[in-house]
Amino acid sequence: LGKHEKNTPIKVLVTGAAGQIAYSLLFSIAKGDVFGKDQPVILVLLDIPVMMGVLEGVVMELQDCAIPVLREVIATDKEEVAFKDLDVAILVGSMPRREGMERKDLLKANVAIFKSQGAALEKYAKKTVKVLVVGNPANTNCLIAAKSAPSIPKENFSCLTRLDHNRARSQVAMRCGVPASHVKNVIIWGNHSSTQYPDVHHCKVNMSGSEVGCFEAVKDDAWLKGDFISTVQLRGAAVIKARKLSSAMSAAKAICDHVRDIWFGTAPGEFVSMGVYSSGNKYGVPEDLIYSFPVEIKNKTWKIVNDLPVNDFSRSKMDATAAELVDERDTAVTFLGE
């Protein structure tokens, strides 16, 4: 294949590839939902040695899907194989929180993983690689990976808050009795944790042909400032309680949305939420954090939407989630030096 041909395959890594998010995600990427129906893809699947048997089964299934654009599937437990010449890295694998585990221990285990994967990105991947971190605590894991890959631009790193964004969008849509596509410009501020702030002050709802503000469309301020926020913040826990497993289908869908928007850009007048480097933001969020902002994307480059007015209600919630991220970062950085 010619080097500059449109149809040169792109190389995409998914880590935690034997896990349940990946099981939904890999099929979507392979069949062209993310990079387009005529873009050949080489899928690289990384997991830990003990999962190699399971991963072999996933490879068989991908082969059995008989997908034309899926050019090759590489399954490995070795970072030097997994991170070689990547165009896109989707880091789903992380150390999950076990019962009775201190938050600090969880952070320490994940710093080790993402320090190692950041170093592998630095050593083996293309410098243009786009890196999406999904594994929790996603914001801080993303920060550690970026710090461990100094020669890859910080702008190439982001973490997933699109699932929260989609949850917020859907809650508003259901409340207004419209399809989710009629709701735009919800914002998730801050950490992908229960301190995140789902903000609808700039959200627009298309009600029978005309766009109205969310508060006007919903006509229930108490709900929007109360139960709506806590429903979105605690949705992951609600899914676990019901399914006895964490969100997988919806997480995979959000990953597809996030990466597709990086690849093809956002629609005019629309912004989406993603965790990105806070440097240079106009919202008073501390520097050197991965914090979820509203962003617009063009030419595979995001830009924070910096001119939105922020009221006191929003301010306090944006500050609270920032404080949690500063605390997480400071703890993680001490582990990084060890």
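All residue numbers here begin at 1 and follow the chain in the order shown.
Each Cβ is built from the backbone N, Cα and C atoms, and glycine gets one as well.
Pulled from TrEMBL:
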- His192: active site, proton acceptor (ACT_SITE)
- Asp47, Asn110, Val134, Gly135, Asn136: NAD(+) binding site (BINDING)
- Arg97, Arg103, Asn136, Arg167: substrate binding site (BINDING)
- 10-157: domain 'Lactate/malate dehydrogenase N-terminal' (DOMAIN)
- 161-335: domain 'Lactate/malate dehydrogenase C-terminal' (DOMAIN)
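Nearest by CA distance to Val134 (NAD(+) binding site), out of the recorded positions Arg103, Arg167, His192, is His192. The binding-site residues shown are Asp47, Gly135, Asn136, Arg167; of these, the one with its CA atom nearest the CA of His192 (active site, proton acceptor) is Asn136. Here the C-alpha separation of Arg167 (substrate binding site) and Asn136 (NAD(+) binding site) works out to 18 Å. Within the same chain, residues at least six positions away from Gly135 (NAD(+) binding site) with a Cβ under 8 Å of its Cβ are Thr15, Gly16, Leu91, Val92, Gly93, Ser94, Met95, Asn110, Ile113, Phe114, Asn141. In this structure the alpha carbons, written CA, of Arg97 (substrate binding site) and Asn136 (NAD(+) binding site) are 9 Å apart. Cβ neighbour count for Arg167 (substrate binding site) (all protein chains, 10 Å cutoff from its Cβ): 22. Within the group of binding-site residues (Asn110, Asn136), the Cβ with the highest number of other Cβ atoms inside 10 Å belongs to Asn110. When pLDDT values are averaged over the domain 'Lactate/malate dehydrogenase C-terminal' (161-335), the model yields 97. Each of the recorded positions Arg97, Arg103, His192 was scored by the number of other CB atoms within 10 A of its CB, and the lowest score belongs to Arg103. When the record's substrate-binding residues Arg97, Arg103, Asn136, Arg167 are compared pairwise by CA position, the greatest distance found is 25 Å.
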